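Heads up, the thing below is written out as structure tokens.
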Amino acid sequence: MKLMNAAVFFILVPTLTPALDPLSTSVFMGGAAVAWQLLSPHSWLKCSLLECCNMKDTLNLSVIKVDLDRKVFGQHLAIQIVLRALSANTHFKRPRKPLVMSFHGWTGTGKTFVSSIIAENLYQLNIPRQRFVHHFSTVLHFPHLSHVHLYKEPLQNWIRGNVSACPRSLFIFSEMDQMPHGLIDSIMPFLGYHEEIDGVYYGKAIFIFLNNAGGDKVTEIALDYWRRHKRREDVPVKKLQSLLSEEIFRNRDSGFFHSQLIQKNLIDYFIPFLPLEYKHVRECVRQELHMQGHPQDEDLIAEIALAMTDYPSEERLYSSKGCKTVASRVSLSI
């Protein structure tokens with residue numbers, strides 16, 4: 001109806017403008033052009049000022065690589081896999097299935113940070129386009145283990161409705177280790193190899209699961225490599241991904257415990273986030289000082305990083321909290 005009204009409006013414009021002086025005519029036509037842009041479903045103006053799904057892929061892989069390399073510390077494996085996954089998915093105009101990634105590692109290692117960088121680069125976030133990034137917090141949205149049957153249908157409807165509105169929707173599920181067992185399997189149909197489901201195409205959607213489960217396994221392997229005098233850069237990615245898949249499938253403290261998503265191989269990438277060493281925590285402290293507008297005090301940087309490097313108790317090689325508490329420690333130390 002809006003477009004029909006617009007069409008009638010522009011048919012009448014030539015008959016109206018002769019009665020106006022040149023300046024009024026210019027203003028009138030300019031206003032008409034703005035109105036046309038706002039009425040068009042995917043015009044550049046409407047997408048800039050109002051809520052509009054950007055149907056074109058705006059992800060610049062070289063830019064996101066720079067962002068990840070500059071802002072994320074100690075996660076060469078995760079960065080490598082994420083870039084490969086995004087490249088493979090955005091290469092096709094119509095991917096066969098949604099991109100599904102599961103991030104695993106200790107708290108503070110960068111899982112949430114990396115997912116936010118993906119969102120920022122995918123949508124060039126401003127207030128309107130935030131509506132295409134959907135963040136589910138298990139503790140907030142699915143707090144009761146006994147209410148799984150009540151959560152399933154609303155979750156399905158939410159995903160279906162948002163992908164219908166914007167095919168390139170991003171769904172982020174945090175605290176997956178606290179997800180009620182069986183709930184995540186309710187979205188299984190949306191993650192598979194389907195052309196469409198009830199007229200909705202899901203292939204351009206992206207799903208990211210953030211999981212502390214599996215973090216101990218990642219740390220165990222990294223520590224074993226260090227004790228054998230091998231570099232963390234040499235940790236085998238494929239072996240680690242396979243071990244993660246098996247670990248979270250068997251782990252009762254995982255939202256993927258005996259999950260059909262794993263049985264049916266619907267998770268494309270199990271991405272390990274390695275524990276952070278002293279040198280990585282130093283960089284986090286340095287970055288936080290900069291963000292808070294403080295000078296780069298090398299003694300303070302070393303003091304905070306050393307205090308946070310506490311695992312194992314003998315070697316004190318890793319930070320058990322990653323960079324999670326860096327901001328508060330910096331604030332207390334200034």
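Using N, Cα and C of the backbone, Cβ positions are placed for all residues, glycine too.
Quick look at what TrEMBL lists:
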- GLY105, TRP106, THR107, GLY108, THR109, GLY110, LYS111, THR112: ATP binding site (BINDING)
- 276-330: domain 'Torsin-1A C-terminal' (DOMAIN)
- 1-19: signal peptide (SIGNAL)
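Positions of the features from TrEMBL, shown on the structure.
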{"residue": "GLY105", "record": "ATP binding site", "Cβ neighbours (10 Å)": "30"}
{"residue": "TRP106", "record": "ATP binding site", "Cβ neighbours (10 Å)": "23"}
{"residue": "THR107", "record": "ATP binding site", "Cβ neighbours (10 Å)": "16"}
{"residue": "GLY108", "record": "ATP binding site", "Cβ neighbours (10 Å)": "22"}
{"residue": "THR109", "record": "ATP binding site", "Cβ neighbours (10 Å)": "32"}
{"residue": "GLY110", "record": "ATP binding site", "Cβ neighbours (10 Å)": "26"}
{"residue": "LYS111", "record": "ATP binding site", "Cβ neighbours (10 Å)": "27"}
{"residue": "THR112", "record": "ATP binding site", "Cβ neighbours (10 Å)": "17"}
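A Cβ within 8 Å of the Cβ centre of GLY105, TRP106, THR107, GLY108, THR109, GLY110, LYS111, THR112, the residues given for ATP, is found for these other residues of the same chain: PHE103, PHE113, ASN212, GLY215, PHE273, GLY322, LYS324. For the domain 'Torsin-1A C-terminal' (276-330), the DSSP-based tally of helix, strand and coil residues reads 30 helix, 5 strand, 20 coil. For the domain 'Torsin-1A C-terminal' (276-330), the mean pLDDT of the prediction comes to 96.
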